[in-house]
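Below is one structure, written out as structure tokens, with a few remarks after it.
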């Protein structure tokens, strides 16, 4: 390393580092240095060398080597060197650089805000710096709804079931039974999300199927038919339909469950590292019941059979089988020749590495942890054990009390308490996307007493026990104690464990070499599984309501059977009758007994009134619908290679009745990808973007956003190309990757090159440097490109800020002991970080303190505080000293931030403060005292931080876009037009939820946000306790906004009201207020009424169980159909509580997908799934089910009418095969194809006219009234079908040409059946919207099959009495006469009524079908998807008296237009299409085109107007403006002529000046969303300025 030269200058004079006389001291200069000295602390180096020697000492790899490899760190060496040769923390080197401060001690390395001792050890410990999480993370509750608890057993709170886990210690006698086995029984780590197992499938599925009353009914009838007394011709044949139905349903259920079984097998057989050699007395290894042994044996047999089939019937299986055989032959050959022949170079010989198991002192690695003064669970006096090591095992083998080791990028297999990590601090990073859908990293801290455990041998010398709470579903809470007896003094020690000391199952270890922990909860008792719950069995609404229809048919069946029994009993009691001479007595003997037997005979005879074939037909239809959904290419996500996957096939019709959608935010509406889009520096706005929120705003203004968006995107693309080209020429940035640039502003690059002057150039440089310094991110080499450093951050916002600075040449490339390495325009420089004041939800800001050396040698250094945080927080802490902050600059920045917020961007402010070294040392002493405090440490740290984070100088602001998934705003808008209400339930904070609400157009600037919260200064007037506050707020909103009181009568009226809310309000509520709102029945009712009358509802900071409770509240109280959609484990309870659960199969985990009913790749696919497939499925089943009852009523009631003439003796009118084939062949296919293929309108029209969906919300297509109408129609047609042929026989008793009569009952039955079958099939055809060749063909085949079967079967002698019936009947003209007349009379009344309604009272769908037929929707191509971002631009046309939008006056009142547009003046497209600059109005003129005004901003083609000059800003000082050159000075004359100028606020004047100089985009409305209470996330320029003034008054 080369030594650094120290440059200095006089301490007096100006302290501006950008001034000419001190230019050499600038941090941007190569001469800028820190002081350094020599240190001889080389402990880490020695340990690394000894470990390296050990690891290289053997020839084979030791699996336990990771136990004593620590996370690489920079080590100490002689000071000196240059910035260009700095060893980064991520590099594994034997030599490093260590710097010390000017007082000779080691500078504390600030890693994530951790203060350190001079030896590098933590002063406070990372766990203490993270204590704020316990305070600020919402502590959700499980049983918060009195009387409406989550009824799933898995969601039960079992925290009071305490458990004690012993490690390396025998259990006490009170925890053992008589046989010496543990009393406690813990769940195994083997999980099962399936409904069935191979052993329980058959009995459990059969039992479930026979919970259906209809199946029980048919089973009883089949049993009765086995007795000859009831006269069933063929009992075995009559049982076939029931058997077929049960088998097909079982196959369908098995296919549904098979996917979950495969996923469970993959998870349970995942490998991990389990410590072997230490006896785990907490569980009994041989305590396996006979039942479990039997189940395991069955499972093994099943899997072996499956493996056997795969190895012989699949190509891959045969290949693997051949490979196994080759390996076996090779092993045999090696074994035979091992003693005589030399070993082949490719032959592997197993060896045992003894060197790794010897008890050597060098293996007992403790790193730089102070083991002398730290209490430890390790007993150094215990002998080393060589039989203890980590072996690979399966997840399912893990037990409570086991010690496991997780490697980097491995998933956590169980809930474990963290004992130690590869990091010297005992910290590790986890990714929780499987739990909550968030990809940002979270820090977890190992127990302090166990941080010395670094290897398996260390673990063998540890003894402790854990007193833990029981399992519960709260993801953010845990309480436990780790206790041990200290080997040094024999005292009992205790350390408490919290959720920050736990690694939860489903998380992934990141940026940490390894982590070691002891298992506390396994399998079904882990938090992820408790939140998942038991997979419920859902039943569609139509299927539930179908039971009532079936009961009505049972009632009708009972009535006609009772009549039959009474009539037959009375008939047998009369004498004399002909039967006295022809019958040999009766089966029953007495009249009453005969009537009883006749009743059951009638039940068997009329059983088709409750058709068993209906259920098998419904199963066929729903299976086909699921196949259509799965095969829809427009629901296929090519990026993920994932189609829409139905997991529950029997609820597709529920998709057509959804009224409420409950959605998660992160990963569902958003991609959880933050992109830096805009910034304001020194009052100048940079960046060009066209966000979804802006598009929504412009659309409400009546602008063609598709055309405007296309022009904007083209302009952004051009600017990006120019920016990339200029950045490439500006410097040699090693981390410059053009494809990843999100901040597009060619003006910024021009100012960075000094085009607008040195002052603005330095302002831009300093701003980006501040972003590169003030953060807590990590970098690691990319796996794909080792030269590329990937940014890993706890917050995606931080990653976006650091990435933006990197893209423009200020790259954070690593950390050292002293601070950070920043590559500035290709040159690496080190900046010493003194302190990091971490962000939390209370402070809403983060700060870092950077050490700046003195100007001259011997001068005191300085400290620079850089603070970033919420705009309102920063503005309230800005300095009010004269000249510190220019008021115009603050106003311009506030207006820019307001504009960014209007675009749906997340805003932050950056500020700084210079601190003298003496003041810093005094403050740092107070900070160290607060950090070492035993009680109230968090509060004391916040108070000390508050002291230094004030009197700030504003640098600027940033705007970050939380990227929505493709098509989310369009999807939400279309769903709203369909009458569907969307509620967002998220665990995220209020600010981000509101930003996303504006971005996806769920919220808009015209709305008033009704805020519900349980505390705060602004709600003190509403009560003293949370319950009173929330109750009073809800009551106030209900009365003032909607005139409601929250009574039961109002709730009853609300159940019948399915209109969209009329008011323009939205509810925003946090988890604490939601807890109160759901705690009492009265408050719960008022809360529900308030939310129902608002257009949008945002529930923030809610727990998984709270999400489920909200869904159940709406579903059960309002009696509506609900759908929940999410992507993380925290959404599972919500998904399972809703009628339909949808999982997003994205990159955020798989738990939600596994437990959902439908899995899709993106949120936008939900629109097509609901509006197309859901509506089709609902309409098809709504028409198919009553049609099925109708056709069976015709046939059955014809038998009943025949009973009038045979005294209901049970004789058949139809030959038996007719009874069997009527529902199987003659009429089955038309009604089935009606349920599968019918379409009222195409999929494109369904999406273009979403209002058609509302009939499903109103349940107009299926109801009991419609069912009764069809039953009545069937009853009428049965009369025609029977009595028309009867009237033909009544007078003539038909005789054929050859004299043979046609008076046999079977012959009459042929005529009756012919009329009934043909009229039934034609009836279905008339009610079918789509007459395609396929459906029409099968309707024709079904009709012909009747005549075909009659001709074929009657030609056989086996037909007995029906022999030659076809030739006799069909040759008779009377048959054809009554046949056609009967069909006409059957269909004419219904056909006439339908025509009348269509002409005079048409439905909405009929109107749309006429428009469709006239070509109103021909401009939309086939497969058009309005949510597809790549959809073609369609120009809607207006023809005749029709409009492409329709109204729903019939069902929703008079004012229900599809779109609500506010017409405003349209901005000229030439402004947007400016090739020279962004529409934000920030184009700085060059020297060539700016004369005679050097700084003029202009729109191309417009008159040049003078703009405010670039304000100056230094590295450390407040921006200053030359006198008389304030922004907008060029318009002073116009202000003088304005008589009302004095009455306008300074902010309004600044806004006017910015608009006149095109420094502000005039496309935005000044009006912002109104809020009822203080609400973070709603940025308003006036509020920012007022916040600063109010803070000044308080001071």
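Cβ atoms here come from the backbone N, Cα and C positions, even for glycine.
A TrEMBL annotation is a machine prediction, not a hand-curated record.
Of the listed segments 156-180, 181-205, 206-230, 256-280, TrEMBL assigns transmembrane segment to 206-230. Annotated range for region 'Disordered' in TrEMBL, selecting from 98-123, 124-149, 306-331: 98-123.
Range 1267-1286 is the one annotated as transmembrane segment, of 1267-1286, 1407-1426, 1427-1446, 1447-1466 (source: TrEMBL). Cβ crowding, taken as the number of other Cβ atoms within 10 Å, peaks at 1131 among the binding-site residues 664, 1131. The transmembrane segment (1216-1237) shares more Cβ pairs under 8 Å with 1333-1354 than with any other stretch in the list 206-230, 591-616, 1306-1326, 1333-1354, 1374-1393. Rounded to a whole number, the C-alpha distance linking residue 1131 (Mg(2+) binding site) with residue 1101 (ATP binding site) is 13 angstrom.
Take the binding-site residues 666, 1130: by the count of other Cβ atoms within 10 Å of each Cβ, the lowest one is 666.
Remark: the transmembrane segment (1185-1204) contacts the transmembrane segment (1306-1326), by the rule of 3 or more CB pairs under 8 A. With pairs at least 6 apart in sequence, the transmembrane segment (1306-1326) and the transmembrane segment (1374-1393) have 3 or more Cβ pairs within the 8 Å limit; the two touch. The transmembrane segment (236-255) and the transmembrane segment (591-616) are in contact, since at least 3 Cβ pairs between them lie under 8 Å (pairs 6 or more apart in sequence).
Separation of the C-alpha atoms of residue 666 (ATP binding site) and residue 1127 (Mg(2+) binding site): 8 Å, rounded to the nearest whole number. No contact links the transmembrane segment (1267-1286) to the transmembrane segment (591-616), because fewer than 3 Cβ pairs that are 6 or more residues apart lie under 8 A. The transmembrane segment (591-616) and the transmembrane segment (548-571) are in contact, since at least 3 Cβ pairs between them lie under 8 Å (pairs 6 or more apart in sequence). Note: the Cα of residue 1127 (Mg(2+) binding site) and the Cα of residue 664 (ATP binding site) are spaced 8 Å from each other.
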